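Reviewing the structure listed below.
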Amino acid sequence: MTNLANEHMDARPSTNRLDFNTPALRRQRRIRTLKDRFARWYITIGGMAVLAAITLIFFYLGQVVMPMFQGAKIASHESIKPAWLAAAGEPLLLSVEEQNQVAMRLGKDGQIQFFDVTSGESIARMALPLPEGTQVVSFGEDTPGSHRLVLGLSNGQALVVQHDYKVTYPDNRRAITPQLSYPFGQVPISLDTQGRPLEQIGFSVNGSSLVLAAATGTQLHALSLSSTENLLTGETSIDEERLELPQLAEPIESILVDPRQQWLYAFHGNTHVNVIDLNRKQLNGRYTLTSAGAVTTASPLLGGISLMVGDSAGTIGQWFMVRDANGKPELKLIRSFNLAGKPIVQIIPEQRRKGFLALDSAGNLGIFHSTAHRTLLVEPITDAENTALGTLSPRADLLLVENGGQFRRIDIHNPHPEISWSALWGKVWYESYDQPRYVWQSTAANTDFEPKLSLAPLAFGTLKAAFYAMLLAAPLAICAAIYTAYFMAPTMRRKVKPVIELMEALPTVILGFFAGLFLAPYVESNLPGIFSLLLLTPLGILCAAWLWSRAPESLRLRVPDGWESALLMPVVLLVGFFSLSMSGYLENWFFGGDMRLWLTNDMGIPFDQRNALVVGLAMGFAVIPNIYSIAEDAIFSVPRSLTLGSLALGATPWQSLSRVVILTASPGIFSALMIGMGRAVGETMIVLMATGNTPIMDMNIFEGLRTLAANVAVEMPESEVGSSHYRVLFLAALVLLTFTFVMNTLAELIRQRLRGKYASL
Amino acid sequence: MSAKQKDLKTWFRSGAPWIWMNAGAVTIAVLMTLGLLSLIAVRGLGHFWPADVIEAEYRVPGQESRLIAGEVVEAEQVPRARLAASGLPVEAVGGEFMTRELLKVGNREIYGADFTWLIGEWLSNQQKPDGLVVLERREWGNFYGYPLALKENGQVVAEGAAIMPELLKRIERTNELIERLAILERGDIGHINHGLERLRLERRSLELKGRLDAAVEADLQARRAEWDIRYQALESQLTELHRELSRDSMTMRTTDGREQEIQVAKIVRAFQPNAMSLPAKLGHYFVKLWEFVSDEPREANTEGGVFPAIFGTVLMTLIMAVIVTPFGVVAAVYLREYAKQGWLTRVIRIAVNNLAGVPAIVYGVFGLGFFVYVLGGSIDRLFFPEALPAPTFGTPGLMWASVTLAILTLPVVIVATEEGLARIPRMIREGSLALGATKSETLWRVVIPMASPAMMTGLILAVARAAGEVAPLMLVGVVKLAPSLPLNGNYPYLHLDQKIMHLGFHIYDVGFQSPNVEAARPLVYATALLLVLVIALLNLSAVYIRNHLREKYKALDH
């Protein structure tokens, strides 16, 4: 770059030379330089900014995805020692309400204390209406988040209590008033007719029916209560039924009732659980829960289907009832988690997700997620001397621990526990499934639904669609490329290439709509025709070629070389017309009039109208031009000298093509296939419209599929910003981006090398 | 071995069959493209033709025969066994195949559905009565039947043969009234609503800034009252128009003898296809075709035109082009002219090239996450706090659709421009520099003008790609039905925050999300044809410019 302004100009005075150094010209030169500099900076900065903006895509997608794979974080607050706590006795239960403002503490003395979570100040103290002279012997909780608990009393009675929090806004400020209510009456319910203390108790409320079970020694007592409201009078009446359950031989150490009121779990002997079928009132089986050590605590997970069992070795096992091969339900260990090798003292399930917290005797806290099989955090929070009692807030963002006469608040930041790499790509054993499966099911109508976010079926669907598309497109496109580049007459080539390139420009939404609205029903009603078309077209072409080679010379010479394609036009049209019009007859002769029915009934192959065959045809159509134009380019640019040499040595055109040209161009053809594959994988509209979008894993060509791209298009607009679902969809996009980017880059590198090779020849 | 077999063997060994197979592949590819295009063209264009309406007796075996009337939309040969399997009372004896016809019978409020499948063999006494009238309505689809009486305010004004000419006159009148109504509702009242909304936002904005005192409040009140007065003036006009509209009605009789009262205001046009001559049909055809490209959609997009979708597509593409051109060109100029050529530029070049192959939906996800939620959310908090929590730019809309597509097509423009720059011979640049021009002057006066056709090609290709892309738009800004055009008479005239309609999305939505797919199908074909035409035109012009460019610089290469 010449810098004009600073350059010393020849300023010798001369009458017949122009003076280039007048002040005006100097100023102009300065301005020009300035302009030049400005342009340089402007373009450099602008250009780099644009290029950076493009790479932003990667970083942004990555940044959205990252938080999913980070563990949980906790932050401890100062301990508080409210005055009332000293005289409160031993705690049975702690609970925090939705807003993290008010907490509840149930003492062994039957007193319920509500207090401010932050300051520890007492808000209200209520005594439970226990009969005179009775003590609380045991207590049980209903499903996480129900705010219901039951107390087993020393006189063989039980009391069901519910604690609620009324939120009001006097003067635009939130005020929370705690309340106690007794959904099954203030009068305790008698369980043991002999009035012995209920040593263990468990219960479950489902709608208006209550199942209550308690143990006195080895004896099991169970009641089923249902309250019905009289529609006319509005009175509620309570029906009580005593359940006659099989008696067990060993003393019972703990009782749990599942929320669907089908199973009763009675723990005993430190290692075993007896499962009783409440509907049939018989024993389902006796299962060993732990091989090493003893069971120390057990708790149901959200929804109550899973049982989390902690043992003295610091292991937590997830168990639920699964149907075995004979259809008999049995309790099975699904997965297990490890805390720190010390006995587990408490398992606290989350109230909104299938996650849970565990505390062990050494004061370690573990945060886990059951379905994702993830250990998000293991950290000591209290000293080992006193056993801690904890509770988790409904939003799972606050843990309140009582330990040695003081409370401690611990903030938990754990936004995406349900996602793990293994859950995204591997088989996951979900609750109520009889085996581990790959499932994508992001939403459902009911509220306690657990989203099942396995990307495996979507990735499978993507590859399946791409595979069938390539099955059609690869041979067609490469053969067409070979012919166009090597054999076709130049005049025809000039006409054919734009037509195929026009295919590339066709919006995919048009192909998709064509596939979904025209092709799918057409294929369904003309299945035999489509298959005979695929079969007969090559045969027809061969026959036509053979006949042409037999045709009289005078006729053959009239058509110059390189016009075979044009000759084949009527042949292909004829074969196509023939096979499609034969479709109905074939169906009548071979498939009893309806091939679709024949497939489903006789062959057992499920058939969807919008299936992989339709996608293969439509997307194959979309991919052909991509592969074609690159492959054609690669073959066409093979140096002429190579072919001429081969021909001169006596090879036929076909021989020199297959032995010389294709071999030389094969990397180019390969890269064309990769680019076609990349396109097929990322295509959205065609698969969205031409498949049923069912996320299944089945290679069956007659069934639908759901691809990553279509899934993003369908679910993204409804996804809540920042939720796990949203981030998983971003991950799907990132996977697509990475996949196609890698494919394209490889293809591009291969092509560049090939170009270098040609240049040297 | 016979001579013939030997022949065959040598023929195979010569490789000729394989050459023919390759030729066949080309044939198939070309036929597939042409077939698809012609299928879309035939189906799309055929829709507007006023087909004859048949009237016939239909007798399902074992049932009473009944009279039906309608247009035959489709007919196909179906194996008898399949019909029997689907539960139809098909006679056991007869030919292997039966004809199944799809008849558009209209009269949705009476029959429940516009279309029925019939068995051709069960139809008898087919005829095409001249008197049969087709009413195209604003709601409930077409009506097929015979006019009995035309009424004005409940009084019969025409009967028998006099009905049709009178009806046509009155339809013309109601159409005019409806146009006036639309201008009133959309234009004037829309303007008032817009003004009121702006007043509300102004008040909220002042409130947020804490400057809402009594004087301001009174001023706002006065301005609101002004709008209210204007609205009241319009309201009386509105009721008057509605009253005028409901003046005429007519009684129709269906073929099977049921009578139906129809408001003339609900009729778009009435015609008797069986009595129409060829020129009349042609005239009707072009009127319908014009309606399709110039009118607004009716009946959940299954009838009427696609003008808002055309407008949305064009406007969005234009904005995208305005954004993508400078950025793409600057990036390409930097990469080719200023950046130091080395491995880094090679990597960047490959990366940019490959970004063109990244699935469009990925750009959509990026656009939704980054542009809409991050950028749009920040813009809302900074500049439009008064509208919150209702988002202004923090929701999908025209602007984000354009920006997303600009990012999507940026690689296309960069690659094309770079190619154009690379094609310019070195000696031209050197010549310019030798004459004393600075680098920027060389670039501005010599290089860029010479490369401008390449940039144009790139831009056209980008526009063609953007016009056909639907997947990202589904996330960043299209809707099935936009209440108003994004460019209108209300300040600030160009509403970048509004959602738009789009031809491609229209195809997807009408074809797949519509409750009445059968009725919508022909319109989808027509829309698809329109989209193909636009894109083919853009592409062909790009090809033309490219070839032209090659010719122009051929001399310079040697």
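The backbone N, Cα and C atoms fix where each Cβ goes, and this holds for glycine too.
Just so you know, TrEMBL annotations are computer predictions that nobody has curated.
Straight from TrEMBL, the features:
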- A:459-747: domain 'ABC transmembrane type-1' (DOMAIN)
- A:39-61: transmembrane segment (TRANSMEM)
- A:465-487: transmembrane segment (TRANSMEM)
- A:499-523: transmembrane segment (TRANSMEM)
- A:529-548: transmembrane segment (TRANSMEM)
- A:568-591: transmembrane segment (TRANSMEM)
- A:611-631: transmembrane segment (TRANSMEM)
- A:660-681: transmembrane segment (TRANSMEM)
- A:726-747: transmembrane segment (TRANSMEM)
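Taking Cβ pairs closer than 8 Å, the transmembrane segment (A:529-548) reaches residues 523, 556, 564, 567-568, 571-572, 574-576, 578-584, 586, 613 in its own chain, all 6 or more past its ends. When Cβ-Cβ distances under 8 Å to the transmembrane segment (A:499-523) are tallied for each of A:465-487, A:568-591, A:611-631, A:660-681, A:726-747, the top count falls to A:611-631. Using the rule of three or more Cβ pairs under 8 Å, pairs at least 6 apart in sequence, the transmembrane segment (A:611-631) is not in contact with the transmembrane segment (A:568-591). Contacts between the transmembrane segment (A:726-747) and the transmembrane segment (A:39-61): present, as 3 or more C-beta pairs lie under 8 angstroms, all at sequence separation of six or more. With a threshold of 8 Å between CB atoms, the same-chain residues lying at least 6 positions outside the transmembrane segment (A:465-487) that come near it are 493, 496-497, 500, 561-562, 564-565, 612-613, 615-617, 619-628, 631-633, 635-636, 653, 657, 661-662, 669, 672-673, 676-677, 680-681, 683, 687, 691, 701, 705, 707.
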